[in-house]
Structures are given as C-alpha cells and as structure tokens.
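According to TrEMBL, the protein has these features:
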TRANSMEM  58-86  transmembrane segment
TRANSMEM  106-131  transmembrane segment
TRANSMEM  152-176  transmembrane segment
TRANSMEM  244-266  transmembrane segment
COILED    279-306  coiled coil
Amino acid sequence: VITRPEMEIGRYHWMYRSSRPHRYHHVPAVRGNISPLGIQGCFECCIKCLGGVPYASLVATILCFSGVALFCGCGHVALTGTVSILEQHFSTTASDHALLSEIIQLMQYVIYGIASFFFLYGIILLAEGFYTTSAVKELHGEFKTTACGRCISGMFVFLTYVLGVAWLGVFGFSAVPVFMFYNIWSTCEVIKSLQTNVTVPGDQICVDIRQYGIIPWNAVPGKACGLILENICNTNEFYMSYHLFIVACAGAGATVIALIHFLMILSSNWAYLKDASKMQAYQDIKAKEEQELQDIQSRSKEQLNSYT
C-alpha cells in the first residue's frame, strides 16, 4: 500500500528530474499515546474512566462511613464510661442498675450490627452509583435497562428513605446523654465559681441522676453534691464520656446528611434509568420502522426491475 508520504516523494521526483533518486522504505507508524488516526491513548482512557466515577455517591459513601464509624466507636466507649461512673458514684448497689447495665450491653451489640450493616450497605450503594453512571454515560457500549434494574433502584430509594427517618430518631436519641452530661458539667462550673466568690456554699448544689429515670429512686446515693460532684467532673471517665457522646452525636448527624445525599442521588439515578428505558423503547420502534421502510423500498425496486 502506497502511503501519502511516498506519494509526495514520487511527485517531487517527477517534478524535479535532476535530483538524485533515492530509495525510500516504508516506515511503520509509531504507536504512541496519541495517534493521528484517532486511536485513544492512555491519557484519554484515564479521562474516560474518571468520567464514569460517581463522585456524588463516592462523597456520600465516605461521609456515611465516617459518620457511622464515629457514632459506633465513640458511642461504644462512652457507654462503657457511663456505666463506670454510675457504679462508682451514683449507684453502689449492683441490683439498682442491673437493668441499665443490660440495656447498655444490648445497645453495644446493636452498635456492632449497625456498623456491619452500613459498611455493606454503603458499598452496595456505591456499586449502584457506578452501575447507573456507566449506564447513563454509555461507557460500556450499548446499555439496555431492564425492569429488574429499575425495580432494584426503586427499592434502594425506599430503603434509604426508611433508614434516613430511623437515623433522625438515632440522632435525637444520641443528643439525650449529651444534654445530661452538659447539665452535670455546667453544675460543676457553677460550684467552681461559687468557691471563687465565696457567696453560697457549694454543698447545697447537687445533681440527682434518679430524676432522669436511668436508675430507680431507691438507688443509693443517687445524687452527688459539692466537692464530690466536682471530683466526678474532674475524672477521666466523665471527661472522656462527655466528649465521646458529643462526637457520637455529630457522627449520627453526619450519617443523616449522608443518607439524605444518597436519597437525592438514588432518586436522580432512578429517573435517569426511567428516561433511558423510554428512550430505548423509542429507538427500538424507530429502528423497526426504518427496517420495514427499507424492506418496502427494496421490494418496490425488485418489482420495478422485473417490469423493466
């Protein structure tokens, strides 16, 4: 096959006969990153692959994993510290807080289940985001949506909505221990300020845990006053539990935001798949009509040729 450079060289020698004839050999094209024939190189392939990444789903997955990890990890340690504070300072009898200890232990097992479930669910939603993004952008050639795929996307929308409502309740519930610890901490700050001003004795200021309903009214001592309460606030268990409950509450809020983000993404993806299915049906009908029209034209030409 004569290439274009060889044709130009031949034309040059035909126009200028006096030049010395040379023998030219065909040099194969160099396979680089970019070919003049339109072949995509490594850079173009990377750009195409990056275009198929569902960045919105990726951000929502990272936020969901971070929120669940903060809530589960910090909540587990904070509950353990809370039991230790109650046993040492507010309920010295084991039978008084036995029910509370069982409930806290059950909540810790629930935390294990929540962490495992959301780790798997986040990966599934991320995979669904990759699937839908590739479908919309047609990165894998001809893509055909099915009724099963649209049904699965709709199921994810409903399940994410239910989980979002449930996590709103979890977020509200996680704010309760923060409120309790904040009341205890603010009371300790009041005691410190009174000791500085020497106006009112701090022994008259107390915190009664029994009024919150977490231990029965016959628990002994059930309350802490003055210097005893101040010493409780200065312990490592109280300091760590208070701040860990705050972080756990923030993690629950981040998980709620992530689920709302997922809900918007899944709703958008479901609408894209629905539109893609309608477009697919329209293209199938159009292709069928064009094929029938071509068949009619070919038969008419054959009949015309037979008459002539």
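Any Cβ shown, glycine's included, is placed from N, Cα and C.
Note that the structure is predicted; figures quoted are calculated from it, not measured.
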Problem set entry | Stretch in 58-86, 106-131, 152-176 most in contact with the transmembrane segment (244-266), if contact is a CB pair under 8 A | 58-86
Problem set entry | Spatial neighbours of the transmembrane segment (152-176) far in sequence, C-beta under 8 Å, 6+ residues away | 71, 75, 121, 124-125, 128, 132, 245, 248-249, 252-253, 255-256, 259-260, 262-263, 266-267, 269-270, 273
